[in-house]
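Residues or ranges marked as dCTP binding site by Swiss-Prot on the basis of sequence analysis: ARG110, SER111, SER112, LEU113, ALA114, ARG115, ASP128, VAL136, LEU137, GLU138, TYR171, LYS178, GLN182. According to Swiss-Prot, the active site, proton donor/acceptor annotation covers GLU138. According to Swiss-Prot, the region 'Disordered' annotation covers 169-193.
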Amino acid sequence: MRLCDRDIEAWLDEGRLSINPRPPVERINGATVDVRLGNKFRTFRGHTAAFIDLSGPKDEVSAALDRVMSDEIVLDESEAFYLHPGELALAVTLESVTLPADLVGWLDGRSSLARLGLMVHVTAHRIDPGWSGCIVLEFYNSGKLPLALRPGMLIGALSFEPLSGPAARPYNRREDAKYRNQQGAVASRIDKD
């Protein structure tokens, strides 16, 4: 059962759940909290690689990822990031989120943006128990027009679901946690699997 708005506010008040900066009550809806777009992005460079062998030797996968991923792009608040049709880009939420070991989060895109072709997460919308950091967004423009995305705009909504008990291996305590405390648009670390 997901937390309702009253429970989300109570968990925030009690410090069991942390969203920083804390959203105003107007952004806490029936069962979700609206989140905004941060100012950090990462794109794919133009490249000539025919493919990336995701299960190949780790050093080759790492080198291939370094060749195709851009450095992090940091925008001023007044600037826009343009996502063209058929492009994939990474970004982050403005808010940093910390979940306790007995709560899982879910990220959903906004229907109004989806109707323009913007996918906010390609597949990864679960936020693990014990997570702490900004949420990486996997943008894909499936529409026909470039989309101007600006830091601070409403980009998605988080919902929260209590677990039957605290996780034995929450994300923040796992040795293999590749994205612990991320604050930027961190590229894939599949080579660390």
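Cβ from N, Cα, C; glycine included.
For the binding-site residues ALA114, LEU137, counting C-beta atoms within 10 A of each C-beta gives the highest total at LEU137. The Cβ of GLU138 (active site, proton donor/acceptor) has 18 other Cβ atoms within 10 Å, all protein chains considered. A coil conformation is recorded for ARG110 (dCTP binding site) in the three-state DSSP classification, outside any helix or strand.
The Cβ of ARG110 (dCTP binding site) lies under 8 Å from the Cβ of VAL120, LEU154, ILE155, GLY156, ALA157, each on the same chain and at least six residues away in sequence. Looking at the residue listed as 'active site, proton donor/acceptor' and ALA114 (dCTP binding site), their Cα atoms lie 13 Å from each other.
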